[in-house]
């Protein structure tokens, strides 16, 4: 059965775009049409006076920008937002407790310092942050970077102590863990202070744009490599074996080798507890994902695992009876503030810069995602200031560097959080545990914390899906992703980030120094110009043109034979040169004893045919033109900027083409680019504003009226 589809008779007619105006060049636009304002440059004194000008409005604006909480707290809609913020704060706080304990292990400091880092920075960000939804606190990547620095500066070998076993010949070597942990806490605190100072200074200097240099492929490749490092570092806790912690290049390989070389001493009880915790956490996360639209709040899998494993450990005395490593001492209450030991600063500068940039990049990228989703804006410079204050001020209260956590931020947003009141409530939950019930978590098995860390890495490992996607879309971005991943896995996160940044910058230089240039052709009866190699021209029949060329060759061959027969009768010097332009259908022919005849015949697209004959000079009778193209139009629509070297190079090109009677015109310059050209005194000598046109079509129409060229070529 055949079905016939007829076009809809009521279909609206196509929109028509008709513009009739004179052909504009830059000289006319600049002097007659646009009337640019004349602005005298300001002196340094005038600029300083403008920046330091003080008024009540300016003071209010500065206060609101420095304390964003003042912009929304006075108009906080209690009835609409309070319940959502309350539920979100409790959910995030319950999740922040086990993550704070777990990520302290990554930072190589006692677990209680993870709780401190989950309280002070979150409290401060409520007042200074511009994002309403991100959850500030401990994060796996930053904690691992801190741990690498801490272990490098305070390795276990510095705290080895030999003890006598009754005789002078029998000694036992053990590690003074108390002294080691105290030293590592000092290093982590000083590092955090320096990270805060760097972020604060960058924010005050308006350097919030630095995050754009950490492109998404670079960040995702780097964080995936960090997930590999984190996973490897937790294997020994999951298996219950004792191996040293490595840092520096090839640390991941050394850690894997150490684990597998000692795998025969695995504590089976520790492995069972950790494995069960991982299975439970994975199932809970899967249920939360499957039924996230039906569940009012996500199931708090982490806190359930912590509470159940703590109870089992306490009831069965896993530490004494089965040698399962537990958290042990968690002091109640908050420590008094103390000034960090700044004598450690010289060795930590490079590491602090890397941590500061990575932490800010993580925070601002996630903050922009939530801001775009909920229709508000975030200030990159203020985010730098907020993170800097959180790290700097909190470091005096014994915390390590923080940023936002992806998993907690998703929970805070999905459970109804509307403002940072949710973050404030989450910090109160942590404070309650630290002050009142911290001792409850002392029997918590470390393998349970390792399980929490490993399962939370699942989202980062899913970033391996970027590889096939980038292969289909951008090979250069795929190369950046792979270089960031491989370099960070093999060289460590600090050197890997440096290598990835260098490669990303080189890729930009490569793409800048190797631009794509194409020859543009006009789309029939439009002002559009496209790549002639990529798009097939309309109205041109190549088969027909081939037939015309063959016919003319046969005719030329016949005429040449007739001339040769006449030469035997009457010797005469003759020459014939024929050039056929298949694209325009133009024939240049020099005949014996006559002038040059140019035949502009009917085009392949059926346009006008024009024939004219004229006598040329004696020199041009027997010489072909130096080039069939006598006009070049440069399409500068993709050009963003130009420097003095580029301007001089373009002027030299224009001068060289002018020497062989080829005119060069420029089209599609932005007003910003034209301002730069005027500043560079580009329009002097061989270059004039009349050679610049707002569009390619303006330039083409100008060239057609100026002369009847054999070929006009537009180049992009």
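Glycine is no exception: its Cβ is also placed from the backbone N, Cα and C atoms.
TrEMBL tags one of the stretches 153-172, 233-252, 333-352, 353-372 as transmembrane segment, and that stretch is 353-372. Record note: among 101-128, 521-548, 549-576, 101-128 is the stretch given as transmembrane segment by TrEMBL.
Looking at 479-510, 607-638, 639-670, the stretch flagged in TrEMBL as transmembrane segment turns out to be 479-510. TrEMBL lists transmembrane segment for one of the ranges 60-77, 78-95, 384-401, 402-419, namely 384-401.
From the options 263-283, 578-598, 683-703, the stretch TrEMBL describes as transmembrane segment is 263-283. Among the residue ranges 22-42, 421-441, the one that TrEMBL annotates as transmembrane segment is 421-441.
Residues 76, 81-82, 84-86, 88-90, 92-94, 96-97, 100-101, 111-112, 115-116, 118-120, 122-123, 125-126, 135-136, 306, 310, 327, 330-334, 412 of the same chain lie 6+ residues outside the transmembrane segment (421-441) yet bring a C-beta within less than 8 angstroms of a C-beta in it. Nonlocal intrachain contacts for the transmembrane segment (353-372), taken as residues 6+ away from its ends with a CB within less than 8 angstroms of a stretch CB, comprise 130-134, 136, 139, 141-142, 145-146, 191, 195, 198-199, 202, 208, 210-211, 214, 216, 219, 222-223, 378, 380, 383-384, 387, 391, 401-404, 406, 409, 413, 493-494, 497-498. Residues 237-242, 301-302, 304-305, 309, 312-313, 318, 322-325, 445, 447-448, 450-452, 454-455, 458 of the same chain sit 6 or more residues outside the transmembrane segment (263-283) yet have a Cβ under 8 Å from a Cβ within it. Here the transmembrane segment (101-128) lies next to the transmembrane segment (448-464) in space: the count of CB pairs under 8 Å, restricted to residues six or more apart, reaches at least 3. Touching of the transmembrane segment (479-510) and the transmembrane segment (384-401) is ruled out by the presence of fewer than three CB pairs under 8 A, sequence neighbours closer than 6 excluded.
The transmembrane segment (448-464) shares more Cβ pairs under 8 Å with 134-151 than with any other stretch in the list 134-151, 187-214, 384-401.
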